[in-house]
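> Take this structure, written in structure tokens, and hold onto it; I'll ask about it next.
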Amino acid sequence: MKVLVIGSGGREHAIVEALARSEYHPKIYAVMGNANPGIRRRAEDYLLEKETNVPAIVQYAQDCNVDMAIIGPESPLAAGLADELELNGIPVVGPRKDAARIEFDKAWTREFMARNNIKGLPKFKVYDDYDDACRYLEDNPDVVVKPAGLTGGKGVKVMGEHMHTLEEAREYVKSVLEHDRVVIEERLKGEEVTIMAFVDGKHVAPMPTVQDHKRAYEDDQGPNTGGMGSYTDNIDLLPFMTLDDYNEGVAIMEQTVKAMEKDVGVPYKGVLYGQFMITRDGMKVVEFNARFGDPEAMNVLSLLKTDFVDICEAIVDGSLDKLKIEFERSATVCKYVVPAGYPDNPVKDAPLTVVEKPEYLVYYASVNERDGKVYTTSSRSLAIVGVADTIADAEILSEEGLSNVQGEFHCRHDIGKERLIRKRIEHMDAIRG
């Protein structure tokens, strides 16, 4: 069996490692924007190409005679890569463009949720006119402002965190409207969590809950990033969650998948990522993504017991309900190594020396490899994942991995530490009253 993986980040390295563990021993082919050393090591062959160059990728898939493709990032989904591969007879794990719109058009997603009475919808407005948006802001200052389109996780601004005055909010709205529609939503109070699920068009198979850390600096300070790291507990829940929270999130995702085929006429196949805020009034949808999260993929795929090839085939042929999907009952802590100065002024081409050991997992991301060393680019470099019986023990292993990375870099040491988790628990206790 031959499987093509599109993407060159930590998420795609985790996908490739999950394939490499399969008892089917698939031959792995890759299309990457940069030559990810972890993927390169596992691949029979690879193409260095923009992940949105649809004709080149389809041609490569045909030349390699692949049996299946797995699309990692959002941009090729938005470019319609899944549609073109399927048209050429190649089954895809990843939704077609009309279904992937749930990620790349936030305005459409909110309107889709409203049309289909999907639960967990915050109050929202969509504007393409600056004056109308400003009038709404004056009456509703406690908001979140986001562009309708893709922003790599960095375009969302929250009043009281990224913006502190109405003037700042107006300025941000103005800058968004220069190239996009703007979505203004009520600011939700609670804890953000990620629930991802395998989806075959009808059936939803959820994974353990993950919490990502978007802010660049310790104690949740600094600018937003693509995600500095994440953790899971040794059950499907996180320490501040209830089973009702989890079940409510999964039910919202099931409702969304059901509505997708009815509303859009295209079944949703691939991974659905639900980002939820646990509030006093239950689970609210912060956003949906049409693929694995990065870093969250590295947590859940490191725990996956069921053969990943079986899961991919079940997604493609609509038989997920016949497959029992199991995860190790362990905790994980993932910490990203990023270039010094990331995200605003990342130091490029800085050398990193990485010692890999069996005590922890290393997933490579946006680095280049020369002469046995890896070199930073402008994006996240590599992630270290600790897997253990408890979050505390997994965190110790991730720190051991970080101590074996030499060079100039930044990371968040506080992810998975007791103090930060305790803060989340106390925050949620206060919210629930």
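Placement of Cβ uses the backbone N, Cα and C atoms for every residue, glycine included.
Pasting the feature list from Swiss-Prot:
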BINDING   138-194  ATP binding site
BINDING   GLN275, GLU287  Mn(2+) 1 binding site
BINDING   GLN275, GLU287  Mg(2+) 1 binding site
BINDING   GLU287, ASN289  Mn(2+) 2 binding site
BINDING   GLU287, ASN289  Mg(2+) 2 binding site
DOMAIN    111-317  domain 'ATP-grasp'
> I'm trying to understand the geometry here, so how far is the Cα atom of ARG170 (ATP binding site) from the Cα atom of ASN289 (Mn(2+) 2 binding site), in Å to the nearest whole number?
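Taking the Cα atoms only, ARG170 (ATP binding site) lies 27 Å from ASN289 (Mn(2+) 2 binding site).
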> Go through GLU138, GLU186, GLU287, our binding-site residues, and report the one whose Cβ sees the most other Cβ atoms within 10 Å.
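Comparing the binding-site residues GLU138, GLU186, GLU287, the most crowded Cβ belongs to GLU287.
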> Looking at the binding-site residues LYS146, LYS154, HIS162, ARG170, which one has the fewest other Cβ atoms within 10 Å of its own Cβ?
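Each of the binding-site residues LYS146, LYS154, HIS162, ARG170 was scored; lowest Cβ tally within 10 Å is LYS154.
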> Select one residue from THR194, GLN275, ASN289: among these binding-site residues, choose the one with the most other Cβ atoms within 10 Å of its Cβ.
THR194
> How would DSSP class ASN289 (Mn(2+) 2 binding site) in three states?
strand
> Taking the Cα atoms as reference points, how far is THR194 (ATP binding site) from GLU287 (Mn(2+) 1 binding site) in Å?
10
> Taking each of GLN275, GLU287, ASN289 in turn, which of these binding-site residues have a Cα lying within 10 angstroms of the Cα of LYS154 (ATP binding site)?
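Those near LYS154 (ATP binding site) - Cα within 10 Å - do not exist; the answer is none.
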